[in-house]
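Asks: Pasting a structure here, questions to come.
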Amino acid sequence: MGKNVVVLGTQWGDEGKGKVVDLLTESAATVVRFQGGHNAGHTLVIDGEKTVLHLIPSGVLRADKTCVIGNGVVLSPEALMDEIRELEAKGVPVRERLRLSPACPLILPYHVRLDQAREKARGIAKIGTTGRGIGPAYEDKVARRGLRLGDMLHRERFASKLGEVLDYHNFVLTQYHHEAPVDFQRVLDEAMEIAEELRPMVCDTVSLVHDTRKAGENILFEGAQGSLLDIDHGTYPYVTSSNTTAGGTATGSGVGPLYLDYVLGITKAYTTRVGSGPFPTELFDEFGRHLAEKGHEFGATTGRARRCGWFDAVALRHAVQINSVSGLCLTKLDVLDGLENIRVCIGYRSKDGETIDTPVDSEGYEVIEPLYQDLPGWSESTLGVKRIEDLPNNARAYISFLEEQTGVPIDIISTGPDRNETIVLRNPFLD
């Protein structure tokens, strides 16, 4: 019988999921995206060539792999076609490998306009969204007024629904935000043109996933963003609009939770965050600048500089709990090379000296300070190391300490951006 493995981020996103998914896809028949939208940015480096994916599962670069965009993904038809064409220009036969759920909620131009208008109105209190319409599209889904990919395949149905929802959103845009309205005919014409290109890729993805499982094939479920951005369990309201945790796998793909065999949590050897929101271990000194520069910490989707800080074991323990993480993959270990001392946050303390657990909302983070334990660094390079025995002693001690703090084994260690620069202690599909 095949295995179903979930790969997701356990921090605030940007943990290096794309590389790990690409690596593990060698052992999978199918790769499934189950939430998020084109606000994600998964960077792959294969033989020195860099590819950034936003919607299409990272397994697309491997031959004979089926890639599925499940019903939990909010889909921008325009962004998807741009990504397909970009990959095809590199010689990747995307259309024969990609399958799309007809239940995907659509991101249309008015969602983007609303997203950007809201962020503008918030001023300094902005959430820090990518401005790509993700939140408004999920809102329409929950409000039961959203258009779905299946609607695009039927012109009259799509036009009727579009007219109704556009009246509503144009009222908000013009009367509340004082912005120009979105043109109905332009949205309709653009959608219908793309619909014919997407039609051959649309299918019953729930049955496809279950048929793959019944055939004894391995399936990899690829998460986007990170667990601490989860709409329910993250640092609310500085979160994304979907469930980025393991529970979202079932609702976003149609696979039952009892069929999930292993959850691999991806975490950097330090911590980063893009945009606004709590970040207890954030650094504003030369160490923070070192991590940002050596780690090339700029968002793959927005290009925004990432905030950097020490490893937060408290936050990771929380992520382990809410995901039932089976094992961890530690990425960007090489960024810590050359540091004399490395700090790990092992607890939170309130201003009155009380040790506390993870706050449930962003306000709770305003009254805590991190408790650190200092560990010795290493001067040797870990870049490209492929065996655990070849790592510096202090690097191995650091890895062991993180395992002790989180209570979860570190099964994979990434020592560089290329898929080959990896130490695999346990392959979720094979061991």
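Numbering starts at 1 and runs along the chain as it is shown here.
A Cβ is built for glycine as well, from the same backbone N, Cα and C atoms used for every other residue.
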Asks: According to Swiss-Prot, Asp14, Glu15, Gly16, Lys17, Asn39, Ala40, Gly41, His42, Thr130, Arg144, Thr240, Arg304 bind IMP; identify which of Gln225, Gln321 is listed for that same site.
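Replies: The one candidate that Swiss-Prot places in that IMP site: Gln225.
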Asks: I need the CA-to-CA distance for Thr130 (IMP binding site) versus Thr43 (GTP binding site), whole Å please.
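Replies: With the alpha carbons as reference points, the distance is 17 Å.
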Asks: Please classify the secondary structure at Lys19 (GTP binding site) using three-state DSSP.
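Replies: Helix, per DSSP.
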Asks: Count the other Cβ atoms sitting within 10 Å of the Cβ of Leu333 (GTP binding site), across every protein chain shown.
Replies: 23
Asks: What span in Å does the IMP site cover, taken as the longest CA to CA distance among Asp14, Glu15, Gly16, Lys17, Asn39, Ala40, Gly41, His42, Thr130, Arg144, Gln225, Thr240, Arg304?
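Replies: Across Asp14, Glu15, Gly16, Lys17, Asn39, Ala40, Gly41, His42, Thr130, Arg144, Gln225, Thr240, Arg304, the two farthest Cα atoms sit 34 Å apart.
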Asks: In this structure, which of the binding-site residues Asn39, Thr43, Gln225 has the fewest other Cβ atoms within 10 Å of its Cβ?
Replies: Thr43
Asks: Can you tell me the CA-to-CA distance separating Ala305 (substrate binding site) and Gly16 (GTP binding site), as a whole number of Å?
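Replies: If we compare the Cα positions of Ala305 (substrate binding site) and Gly16 (GTP binding site), the gap is 16 Å.
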